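Input: a single structure, listed below in structure tokens.
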Amino acid sequence: MNFHRVKQLHGELTIPGDKSISHRSVMFGSIAKGITEIQGFLPGADCISTINCFRKMGITIEQDHSSVIVHGNGLHGLTKPDSILDCGNSGTTTRLISGILSAQNFSVTLTGDSSIQKRPMARIIDPLCQMGADITSINHNQCAPLHINGTHLHGIHYCSNVASAQVKSAILLAGLYADSPTSVTEPYVSRNHTELMLKQFGAELSCYDTTAAIQPATELYGQSITVPGDISSAAFFLAAGLLVPNSELLIRNVGINPTRDGILRVCKEMGGHITLLNTTNMGEPAADIFVSSSSLKGITIEGSIIPTLIDELPIIALMACFAQGTTTIKDAAELKVKESNRIAVMVKNLTAMGADVKETEDGMIIHGGKPLHGAIIDTKFDHRIAMTFAIAGMLADGETTLQNPECVTISYPEFYNDLKRCIQQ
Ligand code: S3P
């Protein structure tokens, strides 16, 4: 798929549902009693993997694009699947479901695609085993495929050395089934969708500083969930609106949970014109975002803001290429263990387009202001890399070619169509 420089972007768009919240709505609905109705569900490949896993464990789930109805069977209502659970490309499915499966009265094997089979699972295996779980990495490499023999769990206090919502959520979900309270402390607060939504489903949960604590539950109850648009998907349009000259975009109904809104803070600090309108809160805060072309300046991004924009760092690195001065990204070693090694892949592809960017131990240093030129981009089948370089191609001289562009179906199946509409409007 080829991209060329565009003159301007205009119009309005509604971003598809938040991936993290969509996963959780299906998972929690499946282990709750009664019906969970979900509006704004993301019908991306990752969330479909979650639906398929729970269907295999006996849950009836009706899905019509972004409307989903989950017929939950209660906390102890899952049944043993008759084959391996396939988590596809989804780290969230693999890690969160492991917390639930650790406490069932059956055993199961779960795996995913070649990317999932390389991603670190020790981070969930270790704490879950401390709770009494019986989990084996079948290839003895602390990665999927995992064999989980459901068993009786007890509560723990776990001090995690990574700020990871997937780790925190796996432990909290196991904690629902434990015989005593469970808590997780992280170095920085990661996204808190699990905490907000589990409370809505009736779990007893408290949060203080960087700790989340959960009481064992007897039952969760089906809910109506409205999923806001995914700020991680909106980020590509925010960047495009800021960087393409003479542009104005209105991005509707974007989730702005403070544990996810680092991209907005970064855009503003870089000098971007961004205005929030029509703020709402249907369980998760959301707003329309108006963005217009801006001159940007380089900044340093580090510390507690990192987990709030972890998935946006590829597109932030692209923004930094067009900012005056130097942008330094630190404390982001987690990027190396995402769907691809996003530090190495960003540095390689940005360099191929003529950017001045250096890889560091835990991030990147980008000297902005060098014009980009087209290149052939290896997306590594990573959806966020593909979307980042589609935007890069609209800002560069000459032609930019994306290899394996279809990987955007993981989180944003209509991405290229939505982008095309903003060029034509
Ligand atoms: C997610 C948490 C983050 C994020 C991922 C989705 C979630 O991962 O990068 O895309 O839904 O909990 P980590 O928990 O590994 O930081």
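Glycine too: its Cβ is placed from the backbone N, Cα and C atoms.
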Of the candidates ASP134, ASP311, ASP356, ASP362, which one does TrEMBL list alongside LYS19, SER20, ARG24, SER164, GLN166, LYS338 as binding 3-phosphoshikimate? ASP311
Binding-site residues LYS19, GLY91, GLN166 vs LYS338 (3-phosphoshikimate binding site), shortest C-alpha separation belongs to GLY91
Chain-internal residues, separated by at least six, CB under 8 A from SER164 (3-phosphoshikimate binding site): ARG123, GLU186, SER190, PRO307, GLU334
State the Cα to Cα distance, in Å, between LYS19 (phosphoenolpyruvate binding site) and ASP311 (active site, proton acceptor), rounded to an integer. 11
Quick tally, other C-beta within 10 angstroms, LYS19, LYS338, ARG342, ARG384; top of the binding-site residues is ARG384
